[in-house]
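Here is what TrEMBL says about this protein:
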- 1-113: domain 'Fibronectin type-III' (DOMAIN)
- 95-120: region 'Disordered' (REGION)
- 118-219: domain 'Fibronectin type-III' (DOMAIN)
- 240-267: transmembrane segment (TRANSMEM)
- 325-347: region 'Disordered' (REGION)
Amino acid sequence: PDTPERLVVTAESASVRVSWHAVEDVERYAVTFSQVRGYYQQGQCNRTDSHTATLTVSAPSTTASIAVGGDVGSTVTDELRAYTTYEVTVKAVSDVRGTSRPSETKRVLTPQTSAGEAPGDVRAEAESSTEISVQWSGLSNCRLVNGRITKYRVQYETCSTTETRDYTLGDSENWNSGGRVTLTGLSPFTNYSISVAAVNENGDVGLYSDPSTVLTLQASITCTIIATSDSCIQSDSSALVAYLGGVLGVVIVTAIVVQAMVIVFFIRKLQRAKASTNTTGVEMPTLSGNKYLGSEQFQTSSNEAYNVVRGTGSTAEGEYEVIRDLPPSTSSQPTTAAAGDSLYESV
């Protein structure tokens, strides 16, 4: 049979379309797609294996369409690899006269699809209360690139917002080149979930990496002193809560310290009231108007028992309280102060 002529090959969004001029007296056509080796577009995968696909089209149809996939294996015969150069030919087949010579050869670059792999080694670190630095490595498997990678997209999310930041590759960079960006204008003391994906020149976004969670730093608090009061202005509520919590902690600690000081004061006062400030034999001032108040027995740490007799009186110097320690055998009730009595000024 005659050779098919007027071969037209067109790359569409996700397929390749082939058309040709009809040949008389044939039953079918054989359309062959053979991957070109040793010829690569910028960013293409330099694969060592080859790929061939063949479609059979029944006459009188003179068109064929074949899908473009991602990582198409060498045994797949009804689908083409993405972003790969193929040579296309058509043969006419007759059950009686056999197969024609192949048509002229046309080359086609299959369309790009989104990358089937995510960038690796994504690391994020908070630089300040409003900035996070993010870095990553490029794609590692060229069979999953599926196009010309021109940039990476960094996606950062909170519980209520999702934003993106693009990193464009330079002229000397390729699909296996990594990148680094600094995210700015973030909220202080906030958790951000960060992931990265490769984007081809058509804008197709590939797989995102596993998210990395980073907490921005707390914002600093600015205080302005006005007269005897201070005014603190803070835009971030979380940092303000932390500040107020610190103030409350200081107040609580101060209250505990003051309470402890009061307790110590009264303990020491009680100890002074029980201690003798004069030794036996020292001449004490004579009290007038003494009044016996009562007595009680106590036992010291050395197991010596004493009766404590309490009384009040006055001298020219002021009002005093009289404490006299007597052995337990003493039953007399003193009416005047004597040597050994302890005198304390009333308060």
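Note that Cβ sites are derived from N, Cα and C of the backbone, with glycine treated the same way.
TrEMBL does not curate its annotations; it predicts them automatically.
The average per-residue pLDDT of the prediction over the domain 'Fibronectin type-III' (1-113) is 89, rounded to a whole number. Counted with DSSP, the domain 'Fibronectin type-III' (118-219) comes out as 3 helix, 49 strand, 50 coil.
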